[in-house]
Amino acid sequence: MGAAARSLRLALGLLLLATLLRPADACSCSPVHPQQAFCNADVVIRAKAVSEKEVDSGNDIYGNPIKRIQYEIKQIKMFKGPDKDIEFIYTAPSSAVCGVSLDVGGKKEYLIAGKAEGDGKMHITLCDFIVPWDTLSITQKKSLNHRYQMGCECKITRCPMIPCYISSPDECLWMDWVTEKSINGHQAKFFACIKRSDGSCAWYRGAAPPKQEFLDIEDP
C-alpha cells in the first residue's frame with residue numbers, strides 16, 4: 001500500500017472517530033451558581049417524576065422522527081414559572097445529547113429548573129440545574145422563594161484560577177472552584193449575589209431578606 005493510500009485511510013479513520021465522538025461532545029456545559037441557574041430558567045419547581053415514556057416530537061430535516069423522553073410529574077411547589085402547574089417534563093433520550101435521567105415512581109423529590117414549553121410542559125437538559133431536593137442546603141431552599149430573584153440583575157463570574165478580578169461593580173466573584181475545588185462549595189450553598197442600593201452587587205449570606213444597606217457578608 002502506497003503512502004498516499006495509507007494517509008487517506010488514516011484521514012478517513014480519524015473522520016469516522018470524530019463523527020462517533022461528536023454526540024458526546026455535543027453536551028458541554030459551563031458550571032453555574034444556583035442563583036444563575038434560577039435566573040436563567042423559565043421554570044423552577046420542586047417535583048417528583050411519576051412515570052416516563054418515549055414519545056415522538058416531530059421530524060428532523062431528513063424526515064426522521066425526533067424522540068424525546070416524557071416524564072409525567074407531580075409538582076410540589078413552583079418557585080418561578082407560569083400560573084399553570086407543570087404536568088410533563090421533556091428531555092433528550094440520551095445523556096450524550098444532554099438528556100436527563102430522573103428516578104420515577106414518585107418517591108424522589110427534585111429541584112428542577114428548565115425552559116417552558118407552554119400548556120403545562122417544560123424541557124430540561126444536563127446543562128440545567130436539576131438536583132435531588134434533599135441535597136440542597138437550608139439556605140438554598142429558602143433563597144428559592146425570593147432572594148435569588150433579588151439578584152437576577154447581578155452577574156456572577158466564576159473564578160477558574162488565581163488571580164481573577166471583577167470588571168464591573170455589578171459582578172460577584174464565585175470562588176468555590178479555587179478555594180474548594182468544587183462547584184458545590186460554600187458560596188454555592190450559603191450565598192447569593194444581591195444588588196445594593198448604590199447599584200453595585202455583593203455576596204450576601206443568610207436566610208433572611210437582606211437589609212437595604214448590607215455588608216458583603218452577613219451571618220444568618
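Quick reminder: no glycine exception, Cβ is built from N, Cα and C everywhere.
The annotation disulfide bond is assigned in Swiss-Prot to Cys27-Cys98 (among others) on the grounds of sequence analysis. Mapped onto three states, the DSSP output places Cys98 (disulfide bond) in coil.
Here Swiss-Prot flags Cys29-Cys127 (among others) as disulfide bond, drawing on sequence analysis. Long-range Cβ neighbours of Cys29 (disulfide bond) (same chain, at least 6 residues apart, Cβ-Cβ under 8 Å): Cys98, Leu126, Cys127.
Note: Cys39 (disulfide bond) has non-local neighbours Tyr148, Gln149, Gly151, Cys152, i.e. same-chain residues 6+ apart with C-beta under 8 A of its own C-beta. The disulfide bond annotation in Swiss-Prot covers Cys39-Cys152 (among others), and the record cites sequence analysis as its basis.
What Swiss-Prot lists as disulfide bond is Cys154-Cys201 (among others). Counting every protein chain shown, 22 other Cβ atoms lie within 10 Å of the Cβ of Cys201 (disulfide bond). In the three-state DSSP classification, Cys201 (disulfide bond) falls within a strand.
Taking the Cβ of Cys164 (disulfide bond) as centre and 10 Å as the limit, one finds 13 other Cβ atoms among all the protein chains shown. Residues or ranges marked as disulfide bond by Swiss-Prot on the basis of sequence analysis: Cys159-Cys164 (among others).
Under the DSSP three-state reduction, Cys172 (disulfide bond) is assigned to strand. For Cys172 (disulfide bond), the same-chain residues that are 6 or more apart in sequence and have a Cβ closer than 8 Å to its Cβ are Cys154, Lys155, Ile156, Thr157, Ile166, Cys193, Cys201, Ala202, Trp203. Among the features that Swiss-Prot reports, disulfide bond is placed at Cys172-Cys193 (among others), with the record citing sequence analysis.
Residues belonging to the domain 'NTR' (27-152) score a mean pLDDT of 94 in the model. Residues or ranges marked as domain 'NTR' in Swiss-Prot: 27-152.
According to Swiss-Prot, the region 'Involved in metalloproteinase-binding' annotation covers 27-30, on the basis of similarity to another entry. Taking H, G and I as helix, E and B as strand and the rest as coil, DSSP gives the region 'Involved in metalloproteinase-binding' (27-30) the counts 0 helix, 0 strand, 4 coil.
The signal peptide feature in Swiss-Prot is assigned to 1-26; the stated evidence is experimental evidence.
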- [ ] Could you tell me which of these disulfide-bonded residues, Cys98, Cys154, Cys159, has the greatest number of Cβ atoms within 10 Å of its own Cβ?
- [x] Cys154
Task: Cβ neighbours within the same chain of Cys27 (disulfide bond) - under 8 Å, at least six residues apart - done: Ser95, Ala96, Val97, Cys98, Thr125, Leu126, Cys127
Open item on the list: I'd like to know which of the disulfide-bonded residues Cys127, Cys152, Cys193 has the most other Cβ atoms within 10 Å of its Cβ.
Closed with: Cys193
